[in-house]
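Chemist: Annotations for this protein, taken from TrEMBL, read as follows:
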- 163-189: transmembrane segment (TRANSMEM)
- 195-212: transmembrane segment (TRANSMEM)
- 224-245: transmembrane segment (TRANSMEM)
- 251-274: transmembrane segment (TRANSMEM)
- 335-358: transmembrane segment (TRANSMEM)
- 364-385: transmembrane segment (TRANSMEM)
- 392-411: transmembrane segment (TRANSMEM)
- 417-440: transmembrane segment (TRANSMEM)
Amino acid sequence: MAELNDQKSIHLDDVLEQLGAFGRHQLVTMCMLALVYSTNSMYNVNYVFAVEDVQYRCRIPACEESNDTTFSMPWLMNSSEQQESVKQCVHYAPVPGCREFNTSELVQCSEWVYEVPDSFMAEFNLACEDWKQALVGTVHSFGNMLGLLLQGQISDRFGRKTAAVFAGTMGALLGLTKSFATSFWWYIALEGLEAAIGDALSPMFMLSIEIVEKKRTVLFQMILLNFYTGGLIVMPFIAWAVPYWRHFLRVIYAPTLIVLTYSFFLDESIRWLFSKGRRREAIKLIEKVATRNKVKLDKMMLNKLEYIDEETRTELKQKKLLLKTFRSKVMMQRFLVCMVWWFTITLINYGMMISSVFIDGNKYINFALLVMMDIPANVFYWLALSKYKRKLPLLASFIVGGIFCICKPFIPKGYAWIGLTLYMAFEMLATFSYNIVYMYTSELFPTYTRNSMHAICSAIGRVGSLVAPQTPLMILVTRGDWEE
């Protein structure tokens, strides 16, 4: 303490170090952030289970009753060309008695019977329109891409807390409303709107890295990332226990209504308050945290406190601040590199999670097992970034992961366990890379445009997540090529 008082000026990180990274204030805040992290992870990919892929067949009036919803029929395999999964759009003309079918005459289907009668596809009658199923994920990613730009502006201009509470509450309300959708296109509209204005993760992430000293941010973030992973691990088991898609959505969205109460209990980012010139509020909040953590701070030290960022505080409007950032050659180079990072890592991560339900076996367990690889990835992320700088671990993970990905198609069919091992290892490296990119991006830009620049990089890079929902179709094409 004496050393701090002897200094001519005190930096904010010195004060945050005195307050501690895991005092009562930080732990309470972490619990509130943990809810958003764990539920947000479900919201980004819940369509994998809500809009599940189901088999369907043609309803043939000559062979069944009009109100019969039985999917498996004795004549089913003879009614059309044999396929790995039953998805009929046409059927052979039935011979009276339906014991045989005329294979030289095809009849276009007008009605269908679904394997799961109350599934999303059945309720909205999406047979032979598989593109609509993939459209849900694509619209979510597009809405998320636009929303990141909006959230970044709100967060930098009005505060992390305001942006987080608004987005979290809207996400819960729109998600619950989505579960009552009466048509496919209403569902699509709500899906895009929810992704655009209901994603609270970006401002919450900024708040999480700004409430502790910089050398503790990686550890603090690693703990929260495990809550994010926990949400993804729990989600398939919720879908398994609550298979009806409307009930499933209500179960996962309802808890986030609690975020509305954060207006009263969550504190603003001290760094953001200083960056906006609101020194008095920031000092008052520091004193509040000190009291809650039972830490004694010298008034002289607070008087000497100076906030120093890459750029000094400015009263410029937000648009001018962004233009100022883009005019910098160094910042522009960083921005271009970040876009490439984000595109690559979002395509890989979302593509792997979506494709995991198409692996042979129980889709719920497969998804959970794949996501569980994120836990060692999160720990590895903390250990690596504690010892090394950001660049080396990121480049190494990209290169090694790329080698694993290229090698997988060349694994012989008799050695499936090797392919699965590479797949799991690649998932771990992909998550490791994603975590570093998320953290690294936030550190490359000044505080006054940090969330905006982070959001812009993430949003443009989300083109990768737009492509990811199409990967199941790519699997079918490449599988056919390899078998030939």
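Cβ coordinates come from backbone N, Cα and C, glycine included.
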Chemist: Taking a Cβ cut-off under 8 Å, which residues six or more beyond the ends of the transmembrane segment (417-440) line up next to it in the same chain?
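Modeler: Counting only partners 6 or more residues beyond its ends, the transmembrane segment (417-440) has Cβ contacts under 8 Å with 205, 209, 217-218, 221-222, 225, 229, 338, 341-342, 345-346, 348-349, 352, 369-371, 373-374, 376-378, 380-381, 384-385, 390, 393-394, 397-398, 400-401, 404-405, 407-408, 411.
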Chemist: Using a Cβ cut-off under 8 Å, which residues of the same chain at least 6 positions beyond either end of the transmembrane segment (195-212) come close to it?
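Modeler: Result: 16, 21, 26, 29-30, 33, 36-37, 40, 43-44, 139-144, 146-148, 150-152, 154-155, 160-161, 163-168, 170-175, 220-221, 224, 259, 266-267, 269-272, 438-439, 442, 447, 450-451, 454-455, 458.
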Chemist: Flag the pair the transmembrane segment (251-274) / the transmembrane segment (392-411) as in contact if three or more Cβ pairs fall under 8 Å (sequence separation 6 or more).
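Modeler: In this chain the transmembrane segment (251-274) does not contact the transmembrane segment (392-411) - fewer than 3 Cβ pairs sit under 8 Å.
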Chemist: State, in range form, which of 163-189, 224-245, 335-358, 392-411 has the highest count of Cβ pairs under 8 Å to the transmembrane segment (364-385).
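Modeler: That would be 224-245.
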Chemist: Would you mind listing the long-range same-chain contacts of the transmembrane segment (335-358), meaning Cβ under 8 Å and 6+ residues beyond its ends?
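Modeler: Distant Cβ neighbours of the transmembrane segment (335-358) are 44-45, 48-49, 52-53, 137, 141, 232, 326, 366-367, 370-371, 394, 398, 401, 423, 426-427, 430-431, 433-434, 437, 440-441, 444, 453, 456-458, 460-465, 467-469, 471-472, 475.
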Chemist: With Cβ-Cβ distances below 8 Å as the criterion, list the same-chain residues six or more beyond the ends of the transmembrane segment (224-245) that contact it, or say none.
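Modeler: Distant Cβ neighbours of the transmembrane segment (224-245) are 30, 33-34, 37-42, 45-46, 49-52, 116, 118-120, 179, 208, 251-252, 353, 363-365, 367-368, 371-372, 374-375, 378, 381, 431, 435.
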